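Structure, as structure tokens:
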Amino acid sequence: GLAMAWAVLGPLLWGCALALQGGMLYPRESQSRERKELDGLWSFRADFSDNRRRGFEEQWYRRPLRESGPTLDMPVPSSFNDISQDWRLRHFVGWVWYEREVILPERWTQDLSTRVVLRIGSAHAYAIVWVNGVHTLEHEGGYLPFEADISNLVQVGPLSSHVRITIAINNTLTSTTLPPGTIQYLTDISKYPKGYFIQNTYFDFFNYAGLQRSVLLYTTPTAYIDDITVTTGVEHDTGLVNYQISVKGSNLFELEVRLLDAENKLVANGTGIQGQLKVPGARLWWPYLMHERPAYLYSLEVRLTAQTSLGPVSDFYTLPVGIRTVAVTESQFLINGKPFYFHGVNKHEDADIRGKGFDWPLLVKDFNLLRWLGANAFRTSHYPYAEEVLQMCDRYGIVVIDECPGVGLALPQFFNNVSLQNHMRVMEEVVRRDKNHPAVVMWSVANEPASHLESAGYYLKMVITHTKALDPSRPVTFVTNSNYAADKGAPYVDVICLNSYYSWYHDYGHLELIQRQLTTQFENWYKTYQKPIIQSEYGAETIVGFHQDPPLMFTEEYQKSLLEQYHVVLDQKRRKYVVGELIWNFADFMTEQSPTRVLGNKKGVFTRQRQPKSAAFLLRERYWKIANETRYPHSIAKSQCLENSPFT
């Protein structure tokens, strides 16, 4: 029934799903573009009314927020949950209101050949934006950017330099959001007040919300470079850079494209909206610890000259480009034709006080820890991370499995037509934003969905097929914890990603069973699918400072012993068809409260404050040993980051 209905709908969905208008280039400054950051303190107010609709009924967006009632100072970027001492805000579900007043430079408001854009890095989960009380933009889904041209609202007269931006954000998760959730009304009035409800989620991290990434204004000319798509290839020692450029605001234009190397020397140039640049003797983009000069980046400089009704304009945009190839065989993952082994981590965007708020000191610390560990990869579990994170990966050579917020797809009712269409749109937004990052080598469309369900099989097939159509240049996967014989989505992936928690959630305490159970799992999956396998999660909850020998659960010794048991099997299988291992997790992180979570998930090899547990040293020794093996050229580990290696 369900599959049949979908089979009929399939072509319709397909036709309307490629619906995204325009590009989402990262806002960079250039000769023709300016940025004005709106990070800092915003006015904030949560709507605590029973129906959460008071802000709309009283039209809080029509005048300054402080006139509607008491407001708080709220830092942006940050989650709002951990900032105040109000327990209601910590657990709030519903609409919150943010507001910021800014003064624009006159050249933005008076020069009609300037286009002014408001960009929001992310707002979790549904956002409505007003500028000077005028409804401007709505966006569904956290973790991804959205923007609006607000020129006609700010170029309207002598007082137009004063701009008031109001953003209402709702963090409620329903059966059609990504991630999904359910709202449960508790009606037993002997226990609960009237109208009492809770938000149920089906994933293991705290549902932080707010303006968690930067908000900014930027300008372009009225005719502008709207999007650039780059794919790269290698023929012998010549690098190939294929580009496609879209221009908006003019039909009369010329494009010049220049490719510069890291020393700013011109290595190739071209013209027009698409073409191929050839780079003889190209320096390839290699992962960290795979080459003595990893992460080599070129710059693609695009120059637009266009005719508009107001006369000629020019626009400039520079895109970092890494020349590299990715391929998958039945037992290997190849980067630039060489076998690549993922030795890395799963992460979360999570820290004390700021929650999921973007933070430069934290980001740089995390990258220093990744390099210290000898990690060459991570997965963006379980949502796309901030754009600045991926830019760091490009620069440091850290390989990324880029995951969308398809987590917690645990119930049959979550696999419906509306969700499917929403999921496909989200994949379009992810690919549109992240397609040009050389560090991104694979898309992940979901984490631990209920993939044994018939409806899930069709759903995953549609999302994966759609993602491959959006970007044929990268493999696509989802991360499974289903049984190999029951998984309905696995036939459609390029790489099998397996989560398993032997002797933690299953046969807990029995470390002696891990080798047998893990070996059986790998062999069953490989026999069935003949595809490379990544151990995409494994680990143990560890309270720092708990010690016991022989090892007991929750101690540092147990985490180490569990890892060692996994590593015995991983060492046997990585010589065959296992192409990676990602520990769960890089650092401890916050979850919903439950009797099994002691102030969050404690499976990190670092604490939430980024200090090492015993297992971090074990993992570091292993990752550097793998990196130092003979299959990488010998000079590498010596010349690269000597201070990081435990063996120097």
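The backbone N, Cα and C atoms fix where each Cβ goes, and this holds for glycine too.
Annotated in Swiss-Prot:
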| type | residues | note |
| --- | --- | --- |
| ACT_SITE | E448 | active site, proton donor |
| CARBOHYD | N170 | N-linked glycosylation site |
| CARBOHYD | N269 | N-linked glycosylation site |
| CARBOHYD | N417 | N-linked glycosylation site |
| CARBOHYD | N628 | N-linked glycosylation site |
| SIGNAL | 1-19 | signal peptide |
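Structure coloured by features recorded in Swiss-Prot.
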residue : record                      : contacts (Cβ under 8 Å, 6+ apart)
N170    : N-linked glycosylation site : R52, G94, W95, V96, A125, Y126, A127
N269    : N-linked glycosylation site : E256, V257, R258, L259, L277
E448    : active site, proton donor   : V407, L409, A410, V479, T480, N481, N499
In Å, rounded, how far does the Cα of N417 (N-linked glycosylation site) sit from the Cα of N628 (N-linked glycosylation site)?
49
Which of the three DSSP states, helix, strand or coil, fits N417 (N-linked glycosylation site)?
helix
Among all the protein chains here, how many other CB atoms are within 10 A of the CB of N417 (N-linked glycosylation site)?
15
Around N628 (N-linked glycosylation site), how many other C-beta atoms are within 10 angstroms of its C-beta?
16
Specify the secondary structure state of N170 (N-linked glycosylation site) as given by DSSP, simplified to three classes.
strand
